[in-house]
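Undergrad: Please find one structure pasted underneath; my questions will follow.
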Amino acid sequence: MAPISFTDAIERVVAGNRVYAQQTAEQDPNFFKTLATGQAPEILWIGCADSRIPETTICNCMPGELFVHRNIANTVHGNDLNAASVVEYAVAHLKVKKVVVCGHTKCGGANAALGDADLGETLNTWLHPVRELRRKHKIELEELPDDDARSARVAELNVHQSIEVLKQHPAIKKAIHDRGLSLHGMIYDIGAGHLKLLEEAGGKKSNGLWSADH
Amino acid sequence: MAVPSEQVIKYLQQSHDRIFENNRAWAEEHRKKNPEFFTKLSAGQEPDYLWIGCSDSRIPAEAITGLGPGEMFIHRNIANLVCNTDLNVMSVVNYAVRHLKVKHIVVCGHYGCGGVKAAMTPKDMGLLNPWLRNIRDVYRLHEAELDQITDEEKRYDRLVELNVVEQCRNILKTAAVQQSYAKNDFPIVHGWVFGFQDGLLKDLKINFEEMLKGIQKIYDLSAE
């Protein structure tokens, strides 16, 4: 491994922030003033912690547009208070209009779920539901040509599963019913830089973008 | 449910399509600048940083630090909390430290945090109660200092800072961080606060060595 300078890495980020603040203020002197007044994001983004998918950047969005939760393998567990609190705050309080779950190709979590290697108790427990998906879809996965394809499919299945869990969240149930909140599954192709909408996850084909009422 | 009007439907469709249009433009721009950009990313990630920040839409971590895809591993939750019993954040810390071997962990809070504000509101917040309780606990730990600040806005600002400090402490309590630091001299934990007024990050200048020593008096998990 190349020698690393700790100070340089941190200085780089601090300098990066100064450039960001300066450039942003030059483009729009009122930008930060407006930002300070509050947030009204339309979208809750649930994505992977993976460093290669900075959501706001890859969607060319501005600060203030995406409320964000990112964890290992964009997994939503029914008993996870962390994600449930994010959902509650975003849906019941900020009243976002859409919830996006975005998985991705080459996902370390999905890859790890293709086997049963011991990752330590914490990660084994966290990834257990994803590994269960692999077992449940064993035949389908075995027919795929290679592990890249298999992990991409596991990532998709995991997005669908997270959406199923989200549909049971009380704030989401209520918002779907009261104001037509919609849920969307996506896959980000790291090798191409492209987002793909998963139709069956509640996209256009199944029930329209705005009426996940079922 | 009420059927959305034509206008609402059109608006929702447009705001949804915009993300995809933006994404295609972004990918195209990067491919033009560097045809290898996505192929390289596809090979794997080696981020130097783990960022634990707030879900707040106004703080896209990579954008405000000028980092590109592949450089920063990210966890974002309500009020950037690191709770001992939370498998979600613990999995992130574990993966980042033990598998990706990040060199720095940044806990970044921000002034005007809605989560911190909600936590200090005398109100039943339902499902959010247990999560926000952690912030009330931070207040209780620093009650004497906070009670002395008469200006309410300043008291919130200080609570935001102290919350970051306590979350840094919580990271130091993990076996993953203690053991990696004993072996490799990293990761280093940093506490920062982002200000909307000027878009700048403030370093709370946490004395990492001293904090770790203090923690290990009681929470020593360094022996494997």
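Note that Cβ sites are derived from N, Cα and C of the backbone, with glycine treated the same way.
Note that TrEMBL annotation is computational and uncurated.
According to TrEMBL:
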type    : residues                             : note
BINDING : B:Cys54, B:Asp56, B:His110, B:Cys113 : Zn(2+) binding site
Undergrad: Suppose the Zn(2+) site is B:Cys54, B:Asp56, B:His110, B:Cys113. Which further residues of the same chain have a Cβ inside 8 angstroms of that site's Cβ centroid?
TA: B:Gly53, B:Ser55, B:Arg58, B:Ile59, B:Ala79, B:Asn80, B:Gly109, B:Gly112, B:Gly114, B:Gly115, B:Val116, B:Val160, B:Phe194
Undergrad: Mind pulling out which binding-site residues among B:Cys54, B:Asp56, B:His110, B:Cys113 sit under 8 Å from chain A, Cβ to Cβ?
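TA: Qualifying residues, whose Cβ lies under 8 Å from chain A: B:Asp56.
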Undergrad: Including all protein chains shown, what's the count of other C-beta atoms within 10 A of the C-beta of B:Asp56 (Zn(2+) binding site)?
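TA: There are 27 of them.
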